[in-house]
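J.: Got these off TrEMBL a minute ago, pasting:
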- 1-17: signal peptide (SIGNAL)
- His60: active site (ACT_SITE)
- Glu114: active site (ACT_SITE)
- His118: active site (ACT_SITE)
Amino acid sequence: MMFCFLFLLSFPILTSANDGGPFDYLMFTTIYPTAVCRADDDSVPDSCEIPKGTPQWTIHGLWPNYENGSYPQFCPGTPSRFDENLIKPIEPKLLAVWPNLFPHKSIQSFWKHEYEKHGTCAQSDERYKNELLYFSNSIKAYETFNIASALSSIGPSDKLITKEQLHNALLEVTNGKSYQIHCLRDKKTKQYLLGDIRLCLNKDLTIRDCPDDRNSNRVHTRFPRRASNGGGLPTYQECPHSFVYISAETSYTPRGLFAPLWDKIFG
Ligand SMILES: *[C@@H]1O[C@H](CO)[C@@H](O)[C@H](O)[C@H]1NC(C)=O
């Protein structure tokens, strides 16, 4: 009886935010795969792998958000389940700029997760009303805001950079608007690595400020956030004042032939 009562009580609360109604803006998140795989737990072999030819920065997702800091998820969509056939025309492009870095999961699993959790909640707007439009607009955002190019003046390198240096380099894409960044912790070196950059976009994909965290009743649903859904994966966290935009060549452990031995001794 009590269970029934609680169930009835909670149902309208859950559905009111996830009915696919209007959202306020989009958060466009790009990740830095080099950092994701560096922060990944090396005790699990081949758990993180950057596909050959992957650009420096790749897509994590395009997320409908509310001004109050919360966001709708798993909305009723058309289709409500990811259908690979619908994105066939742009699949080669998606493979390049939106790769899955975790080989134990299927290539499409990342897209499936992002579409079902976030894409289904963007359909109230004509421009995102179906799966193909959601993914093509994500690619459009990626092509509009070239993070790798903006950051080329400060890295990647093995040196520490400050939030100010990052801010100045990013001006090229942010145009002075506020944004968010997150870091990943390298378990071995304890270094904070720049892991993702989140831009806030209007529905027409022009840049806008992210809502000010301090002045909103922000519900901390976004963060900390795992690199992907699953266990044992790196967690995105707040960046300290300085951190490393790590280069793919920066290496502190011998890779290849000696890696298993090295891990045995120092792992
Ligand atoms: C945030 O705003 C949305 C849309 O207006 C609303 O549905 C949701 O309940 C709000 N969440 C909080 C925590 O205030």
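In case you wondered, yes, glycine gets a Cβ from its N, Cα and C as well.
Just so you know, TrEMBL annotations are computer predictions that nobody has curated.
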J.: Take the Cβ of His118 (active site) and count every other Cβ within 10 Å, whichever protein chain it belongs to.
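T.: Other Cβ atoms within 10 Å of His118 (active site): 26.
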J.: If you count other CB atoms within 10 A of each CB, which of His60, Glu114 wins among these active-site residues?
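T.: Result of the Cβ crowding comparison: His60.
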J.: Is His60 (active site) helix, strand or coil when read with DSSP?
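T.: Going by the DSSP assignment, His60 (active site) falls within a strand, counted as strand.
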J.: What does the structure give for the C-alpha distance between Glu114 (active site) and His60 (active site)? Integer Å is fine.
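T.: One finds 8 Å between the Cα atoms of these residues.
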